[in-house]
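**Q** Got these off TrEMBL a minute ago, pasting:
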type: BINDING; residues: GLY60, SER61, GLY62, LYS63, GLY64, THR65, ARG173, GLY216; note: ATP binding site
type: BINDING; residues: ARG86, LYS107, ILE108, VAL109, GLY134, PHE135, PRO136, ARG137, ARG177, ARG188; note: ribonucleoside 5'-phosphate binding site
type: BINDING; residues: ASN141; note: CMP binding site
Amino acid sequence: MWRRVTSVSHLTFAHKSTVNKNACTFKCWESFTTEIPRKEKTTYQRAKTPFITFVLGGPGSGKGTQCMKIVENFGFTHLSAGELLRREIASNSADGIMILNTIKEGKIVPSELTIKLIQKEMELSDNYKFLIDGFPRSEDNRKAFEQIFGAEPDVVLFFDCPEDEMVKRVLNRNQGRVDDNIDTIKKRLKVFTALNLPVVNHYLEKGKLYKINGVGTVDEIYKQVHPVFSSFHFEKCCVVD
């Protein structure tokens, strides 16, 4: 089981971050360790460094479907920001009510709340490879993530898909979601274009972005995705003993 520890250093990913190195001094960050009993004392050993992939794309761009294939072939843990938010809504908590009203208005949920939900799932996981689907959705999201984690993602996938195709897919999926109606879809796409594309451009400039053509069959699209992860020589098994 992954556990939290207090550290005076940064959580570092495969690629070095340019985040202010003093931001996390004497701060409790989400480190990943395995607990090992030895001579009736508890000691800790650092596990593999977390490998984080952001998966970006508008509603209906197909990113969720492709995440399922990445999980199947490379053993990642899939964390859908949207699903985590919907789960919180279903809990009828105060945060859930606020999230519901925000989504209905086609706005972005506060960064700190989404990150808190993501962190919780990461802490509960035995994996070190994570797909964070649908986050960050804005520059505020991105900056908050990098400040809280003290690091950048290793890889960023961006599923580029025409608006009319995304609208058609969302309407056809008929999942009974509060945000799957034509008016809300249009609001979401407008918000996505305004807020998410600066994030895409930021990681493009960083050399971390992989642009995927989101039009085609599932297998055709996955042919573009597979080489991104095969280049890292991941093993499918990902549970730490």
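A Cβ is built for glycine as well, from the same backbone N, Cα and C atoms used for every other residue.
Can you tell me where each of these features sits in the structure?
**A** In the shown protein chains, 13 other C-beta atoms lie within 10 A of the C-beta of THR65 (ATP binding site).
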**Q** Could you tell me which of these binding-site residues, LYS63, ARG86, ARG173, has the greatest number of Cβ atoms within 10 Å of its own Cβ?
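**A** Result for the most crowded candidate: LYS63.
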**Q** Out of ARG86, GLY134, PRO136, ASN141, which of these binding-site residues is nearest THR65 (ATP binding site) by C-alpha distance?
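**A** With Cα distances computed to THR65 (ATP binding site), the winner among ARG86, GLY134, PRO136, ASN141 is GLY134.
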**Q** Going by a 10 angstroms cut-off between Cβ atoms, which of the binding-site residues GLY60, GLY64, GLY134, GLY216 has the sparsest surroundings?
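**A** GLY216, out of the binding-site residues GLY60, GLY64, GLY134, GLY216, has the fewest neighbouring Cβ atoms within 10 Å.
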**Q** Got a sec? Which of these binding-site residues, GLY62, PRO136, has the most Cβ atoms within 10 Å?
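**A** For the binding-site residues GLY62, PRO136, the Cβ with the most other Cβ atoms within 10 Å is PRO136.
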